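Let me begin by presenting the structure, written as structure tokens, before commenting on it.
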Ligand SMILES: O=P(O)(O)OC[C@H]1O[C@H](OP(=O)(O)OP(=O)(O)O)[C@H](O)[C@@H]1O
Ligand SMILES: O=c1cc[nH]c(=O)[nH]1
Ligand SMILES: [Mg+2]
């Protein structure tokens, strides 16, 4: 499985803001949006483009646009904080939604929302979720997508745990990962270490 870690001083600075326990919700959401910009930028680096002629005020030249804009799929709640920024970068993208809450005891995802196009064959899909911990939520989401025909899926995460990456690899699902960091491990409660805590709670408050 292709795992791309965006290694850049600006990405490290935003991630440090998100990790810092003193960072409040508003600042956390801003850093999440800014880091989303960097991860989407990297995730689209090799995207196919269509070339078409344009006219500047001075001359004719080549213009470019994405040949196959991805479907954006934020995983609620925490992925919602990445959705607007990703959409600003790829305004022509369609957006679907998946809602999952991890059971704190079993660590298994409980689904509560699925709003996706019926047929995803031939479409590329970007799944937006800041946290890849056990990988259960991401594997569940990607299975929904492949069940609808998707074969080109990118998981865009702020942080990934080695355990979650291994689970994705073992699943054999057609996915690549773009992340700002592969952290050390999961703790006994299934939280990423050093991590940043509960991403959804830090964005929106605990429920
Ligand atoms: O890899 P996993 O072990 O499945 O954990 C990762 C999931 O946990 C978080 O969501 P959470 O269940 O806390 O829901 P929330 O976004 O509503 O807070 C996170 O946003 C992922 O979806
Ligand atoms: O560390 C973690 C693990 C799962 N979900 C989170 O929000 N944080
Ligand atoms: Mg949460």
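Each residue, glycine too, has its Cβ placed from N, Cα and C.
Among the candidates 2, 7, 198, the residue that TrEMBL names alongside 77, 102, 129, 130, 131, 132, 133, 134, 135, 136, 137 for the 5-phospho-alpha-D-ribose 1-diphosphate site is 198.
In this view, residue 129 (5-phospho-alpha-D-ribose 1-diphosphate binding site) is surrounded by 26 other Cβ atoms within 10 Å of its Cβ, with every protein chain counted. Mapped onto three states, the DSSP output places residue 135 (5-phospho-alpha-D-ribose 1-diphosphate binding site) in coil. Confidence over the domain 'Phosphoribosyltransferase' (5-205), given as mean pLDDT on the 0 to 100 scale, stands at 98. In three-state terms derived from DSSP, residue 198 (uracil binding site) belongs to neither a helical nor a strand segment and is classed as coil.
With respect to residue 199 (uracil binding site), the closest of these binding-site residues in Cα terms is 131, chosen from 129, 131, 135, 137.
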